[in-house]
Amino acid sequence: QVTGYLDDCTCDVETIDAFNNYKLFPRLNELLESDYFRYYKVNLQKPCPFWDDNSHCGMRDCAVQPCPSDEVPDGIRSASYKYSEEANNLAEECEEAKRLGAVDDSLSKETRQAVLQWAQHDDSSDSFCEADDIHSPEAEYVDLLLNPERYTGYKGPDAWKIWNSIYEENCFKPQNVKRPLASGRGESFIYLTKWVSRVCVEKRAFYRLISGLHASINIHLSARYLLQDTWSEKKWGPNITEFQQRFDEVLTRGEGPRRLKNLYFLYLIELRALSKVLPFFERPGFQLYTGNKSQDAEMKHLLLEILHLAKSFPLHFDENSFFAGNKKEAAKLKEEFRLHFKNISKIMDCVGCFKCRLWGKLQTQGLGTALKILFSENLIEKIPESGPSYGFQLTRQEIVALFNAFGR
């Protein structure tokens, strides 16, 4: 049980729990089940820009279809003794991932038409994330309710390589600190934690946001784990052992509770962004457009209720402590912050399982949108009540990602 105050904040865990569980989450959940928020357009076919990902084709493509033989590494295709056992294991994992991770993108004819109309409301400007080209023929709408975030069988060195890259390359880490690729789930980031305690608030916040995102994803994998898989039924539910391996204080050498506190920190940052973006959504001209007039009006009312609730939270994170020093240094740091985060959004195209990639892309875009809001406060304050909101704009993609990421 995590309790008490969070570092760099005036807020404590108990205040957040009470506010979220009793006031905010029930309303947010209702919003996320609506048509506007359940369909997310994503290109799951983009190649990994950082390394050749043929090595884990067994996981990358098998979530939806078997690997074409020309994409399977030569070593596995060859019948040589050296690779045969590895090849068999890969084939089994491939089948498992295909069964557990297939993305269901079935849409009704009516929804397809609504989706085409939404495209006209989308705009492609984005600052903290590498946005998918949603007009690409490979981009498709996915129903998030049909594709819940849960354990898919994606694990091992490939999954670790993703997180390793995120922590190694994107956390303003000093070059002389190296960490070997972690192979087990219980490894702690002790050296990183010691380093984090010594750096400025911005760099510390960046690390804590990434750690909080990592914690969130691991909690969902533990909470919706495949507990039973027989021909008659699949049973998903909480896997306590899996959760303990990632978060138990003793098993993680003191690291688990910190990871959970970083999740609360991530929650506070995204909550703060929601409280700041109210003027954008309050304008009479803004619509959550799906084509169903009464439902659209109802959902906008619910959305505004959630944003007002976010604004009423008594102990918000004070983002004014960010980039508050020397102006030149602050501008440089802010740009670094933005580029590091953009890099992380690109790494999501290297995730080997389609369902994990879907939720990874959605949550990084959601957090990127929250950061964009926090860094655009002056522009948001100047938004006119009617007419276009020059200077600050959110696309439908960003809106869907922002609220779904916060929902996670």
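Quick reminder: no glycine exception, Cβ is built from N, Cα and C everywhere.
What TrEMBL records for this protein:
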- C353: active site, nucleophile (ACT_SITE)
- C356: active site (ACT_SITE)
- R150, T152, W163, S211, H214, R246: FAD binding site (BINDING)
- C57-C62: disulfide bond (DISULFID)
- C353-C356: disulfide bond (DISULFID)
Please give the greatest C-alpha separation between any two of the FAD-binding residues R150, T152, W163, S211, H214, R246, in angstrom, as a whole number.
21
At the Cα level, what's the spacing in Å between the residue listed as 'active site' and T152 (FAD binding site), rounded?
8
Return the count of C-beta atoms lying within 10 angstroms of the C-beta of C353 (active site, nucleophile), excluding that atom itself.
26
Candidate with the highest Cβ count within 10 Å, taken from the binding-site residues T152, S211:
S211
Calculate the distance in Å between the alpha carbons (Cα) of R246 (FAD binding site) and the residue listed as 'active site, nucleophile', and round it to a whole number.
20
